[in-house]
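Asks: First the structure, then my questions, so here it is.
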């Protein structure tokens, strides 16, 4: 077979990716063809180790031959003597096997190994599959994990799936619970509803409220047919826009339970979602009481008509209401299936009542005429066409009474978790319900206005006697109701709330319709409130509410939520006076509608690639108009209730914003922030820097953020809300770096910074030493104008104890920063900065990585080589460059040195109190040495400290120099408490201090005069940090100045809270690293916290406006 592909030889080298065995399998459809015997297994590697794939046993591929599978077998490489039929080739089936952790790997159905036959070739690369994109808790199937990039890309000596899962992540407890729930749902038994039973029926029942039967006729009498239709259309416009927005959000991805809360929170984030979710659940709970009281009032009114009251009207309402809500609770707790059946029964009754009214309107009966019902007449239609507002009613007051009847459009969305396909059901059911109910309201308005007069006496004797003075429509029909203009009539549109019972063919059916409307709305609210509240509690937005997140039974019913809703509803039923709370509830619903509309506008404005709803009939500007309309309607209905609603939403929003719940839902708020940040960054690049806008943007070489807290806290004090702060971490490696671990560390450290409210970024690089890593960071960190301009380092306290090559690297790092036009700041604390070796410090571990309660955490430092920027201990990295966490049972006592180090590391976290910041501005570096102390004193922690300025001067010009500096500082508008002019800087230092310096440099001198020139040059080339005699003589004056400055510092600034001092410069290539280090050591030893600063000699202060 010339066209055959090269086979994978099983006897190949140990580098072979797969071992392929060919096995004969009998076929039921055809005789089994002759196959070659299976090749021998691959020999062991020459070094005696097992084959990497054999040791794992995961990539051993077995090809099976039958009459239908030979083509597939051929594709994976068969021996040349195996025949096959190309025309009968068929691919092997592929099955999916769960790992029991909520993740599933792909395996071949024949071989049962981790392998998928992709396009007929040997590869673990997977073709696109919907199950790869599911979340762990997907209710329609298990989550599958595609092969990770490491499994496809890493060298073969690395073990795939080494972490137990294909993506290298262990599932959290929440994911495992969600996976268990998904598996339980997959087994069947869960009740799910389609769009008719789940959405359409619920929305229609909620919208067709009691208003339809006992207020619609009154509204027609007040506003007339024309304005009533306008009122209905305005309300329908608001609900339609909201319905379109709801449809757009619901079709932009899978919708879980939680209704309006879920839609808003996943679109706008937890701040808006959490505030609306709480008030929406509460509104539904109180709405139960509203509807039940409406039902109870009707029942008590009927009892009163037959003189059958139990006590008095108010207490009877409470008794009937209590019994009713207990019955509804029993239906709800019985399960969604029983509740759905009850809703169907109530819908049938309601439809019967509506049909009964329309049938009755065509059955004009003479006995009903004195009460105002004459059947359809043009005269009545024309008379009722215009408005006739009475009792100080207006268009907007009548609109406010009607609008609550149009709410209820979220009844279907609120049980989104119980729908078979929420993405399809919510748009269809909601919009169709709005259309049907809107048409019904308009039809009832036209019907009532065409067959019932506004006023009637109910007296058969009020027939027409004087045709001159009688001009009403009733006059043309033989009745004179003109006496009603004086008031006192009980019948007609304006006076009789039960006029629809009069018109209907069978009056008691209208009463049944009223019962149905109230009970169905109450039942829908009683189900919605716990579902929304359960979803809110599951997200843990508000601490302490997690107890209500638990579900029971196959449908995960929120029984605790039902009980809570029952208690809230019962409390308001016992009040039995809901006229005050009713407007607030209506406003709560409208606030939800407004935010749903705003969510669509916001998501469209953010232009996120993730916003792509399959429902296309929406417009961002229409949604914005809908949001504004909802807010307007809130104030039209009740202005004070609208203000109360907005204040409650604002208070909850501020609370959730402050608490910052640890959730990430990919909200449009995040997308818009990204858009704005990107736009502003790009805009900044088009503007040249100006001195007035200079701000210190610091790259801080802090290692792990928790290892040098003092350095981080000090820099954060003068960069917070002012400038950029980037925590740079250079990971020195002596072998191949683990980039996967690098990404995990980056995420973990950034989370730690956020948790500690340190406004900084974290970045890390692998490098062979500190200098090269710093070069990478100095050149690459930043974005446009958001780029560091100052390098901040810790002083190398342990320099004299370590390898002098590390000192060479450290000093050259400073030179590199100056070469790149960066300012440099070096912080020295006498106790040191690095606390990573002390156990029990702030851990960088995420919640699922923390050890069990009761054990003690300790960061273990294990390293192959010292970290170049460390203070006095090895790097906080293990041999594989990752943090290890050990657990110990008892806390080992700290040494006195470590106790002092710990206390020192926390000194910048607390308020500094009264004291001074001493600024030794000896050399003009552009003003950075002065700007940093000024920024510090603007912080509350440093607010009680005063700035003292020390400058060098001549002994005979001290007053002149002080006045000149005072003038400069006043022009810079920098407050200071004192200016000291040091006229004795150049005085010779004390002899014992000079001897101390001589002892310090002695081990690092080259002493070229004591050896041959060639040997001296060779030693200098090998150890460039060596100090030559010539160099010492050349910089003798500068050396003496550093010794003298230390004496002056001890004399004047020994009690300062912080010393900020000009960093001495050393000419590159002339001053050796050891001499420069000795200068800094001599200058800064035995002093309070000292910050050595040197700007890049470009002005950062100006006195021009």
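The backbone N, Cα and C atoms fix where each Cβ goes, and this holds for glycine too.
Unlike curated entries, TrEMBL annotations are predicted automatically.
What you are looking at is a predicted structure, and each value in this text was computed from that prediction instead of being measured.
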Asks: Which residue range, 316-335, 456-475, 476-495, 536-555, is the one TrEMBL calls transmembrane segment?
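Replies: The range carrying the transmembrane segment annotation in TrEMBL is 316-335.
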Asks: Kindly point out the range from 370-388, 617-635, 636-654 that TrEMBL annotates with transmembrane segment.
Replies: 617-635
Asks: Transmembrane segment per TrEMBL: which of the ranges 225-255, 659-689, 690-720 is that?
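Replies: Of 225-255, 659-689, 690-720, TrEMBL gives transmembrane segment for 225-255.
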Asks: Quick test of the contact rule: Cβ under 8 Å, at least six residues beyond the ends. What residues does that give for the transmembrane segment (395-417)?
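Replies: For the transmembrane segment (395-417), the far contacts come to 193, 195, 198-200, 202-203, 205-207, 209, 211-212, 215, 219, 222-223, 227, 231-232, 234-236, 238-239, 242-243, 246, 250, 255-260, 262-263, 284, 336, 387, 389, 425-426, 429-430, 433-434, 437, 441, 521, 524, 527-528, 531-532, 535, 556, 582, 586, 589-590, 592-593, 633, 636-638.
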Asks: Tell me, roughly as an integer, the mean pLDDT over the domain 'SLC12A transporter C-terminal' (708-1105).
Replies: 82
Asks: Let me check one thing: do the transmembrane segment (276-296) and the transmembrane segment (588-605) come into contact, meaning three or more Cβ pairs under 8 Å with sequence separation of at least 6?
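Replies: Between the transmembrane segment (276-296) and the transmembrane segment (588-605), contact is present.
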Asks: Looking at the stretches 225-255, 344-365, 509-529, 588-605, 617-635, which one shares the most CB pairs under 8 Å with the transmembrane segment (429-448)?
Replies: 225-255
Asks: Please give the sequence-distant neighbours of the transmembrane segment (225-255): residues at least 6 beyond its ends with Cβ less than 8 Å from one of its Cβ atoms.
Replies: 135, 138, 219, 262-263, 266-267, 381, 384-387, 395, 398-399, 402-403, 405-407, 409-410, 413, 416, 419, 422-423, 426-427, 430-431, 434, 438, 441-442, 445-446, 449-450, 593, 596-597, 599-600, 603, 610-615, 617-618, 622-623, 625-626, 629-630, 633
Asks: Pairs 6 or more apart in sequence, C-beta under 8 angstroms, 3 or more of them: is that satisfied by the transmembrane segment (588-605) and the transmembrane segment (617-635)?
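Replies: Contact between the transmembrane segment (588-605) and the transmembrane segment (617-635): present.
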